[in-house]
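Taken from TrEMBL, the feature domain 'Orotidine 5'-phosphate decarboxylase' applies to 5-224. If you look up TrEMBL, you'll see D11, K34, 61-70, T117, R179, Q188, 208-209 marked as substrate binding site. If you look up TrEMBL, you'll see D61, K63, D66 marked as active site, for OMPdecase activity. What TrEMBL lists as active site, proton donor is K63.
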Amino acid sequence: MIENRPVIALDFSGMTEVKTFLEQFDKDERLYVKVGMELFYAAGPDVVKYIKSLGHDVFLDLKLHDIPNTVKSAMKVIRHLGVDLTNVHAAGGVEMMSEALDGLAGSTKLIAVTQLTSTSEQQMRDFQNIQTSLTESVVHYAQKTQEAGLAGVVCSAQEVELIKSATSSDFICLTPGIRPAGAAVGDQKRVMTPSRARQIGSDFIVVGRPITQAENPVTAYHLIKNEWEGK
Ligand SMILES: O=c1ccn([C@@H]2O[C@H](COP(=O)(O)O)[C@@H](O)[C@H]2O)c(=O)[nH]1
């Protein structure tokens, strides 16, 4: 049985939009939302405090990638925000990831981005000059993430089965790039439907535009949640 609600990507430019969006939901509906770079740079820690004060869970998606000492120091700040989940880029290396974990001091679950779901194999080869397959690269990053002691990775649902068999079944696979059948894909390259993501073993799905840009975001959310829960 699926216990994790779809994570809604609140890709908004400020607090007003967040309030307008969240106010559409029933007061008793406990959501899991993602605060990314745009919103955090615009509204700062206050937006996290506001969302937490409503009783929702928060994934702070800042994808840190810097030298180990800088990332550790940033995580020491993040640990006081009371978020439930945060992340770094696995490409920052094992030392950076384990310093990040140290900075959080057990306060928050930490996962790492493998290859962004907007990246195709061709783009990875041409731009990052990685000459393996994209799945090999993703699995490599997942294994290094586990070696560093993190709880899991951000990946496409397309890679979940391979990652779980190369790591362990309890290693979290959080999967953006989720699109209901027929929805606009936009800049995403490695996509999957909510129901297929569930069948394949994703632990969390992240959904932004198919909910936030829907005519009725609450209805769109519940349709996606039902599909994800196999209802
Ligand atoms: O590999 C990644 C990592 C993060 N994301 C984030 O998820 C959402 C997806 O939004 P959609 O509108 O559903 O495409 C967005 O905030 C990304 O920053 C990702 O897509 N892929």
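Cβ coordinates come from backbone N, Cα and C, glycine included.
All annotation found in TrEMBL is predicted automatically rather than curated by experts.
Features as recorded by TrEMBL, highlighted on the structure.
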| residue | record | CB count, 10 Å |
| --- | --- | --- |
| D11 | substrate binding site | 17 |
| D61 | active site, for OMPdecase activity | 25 |
| L62 | substrate binding site | 16 |
| K63 | active site, proton donor | 16 |
| H65 | substrate binding site | 17 |
| D66 | active site, for OMPdecase activity | 15 |
| P68 | substrate binding site | 18 |
| T117 | substrate binding site | 24 |
| G208 | substrate binding site | 19 |
D11 (substrate binding site) and K63 (active site, proton donor), distance between Cα atoms, whole Å: 15
Mean pLDDT for the domain 'Orotidine 5'-phosphate decarboxylase' (5-224), rounded to an integer? 98
Any of the recorded positions L62, K63, H65, T117, G208 with a C-beta atom under 6 A from ligand 1? Give them in order, or none. T117, G208
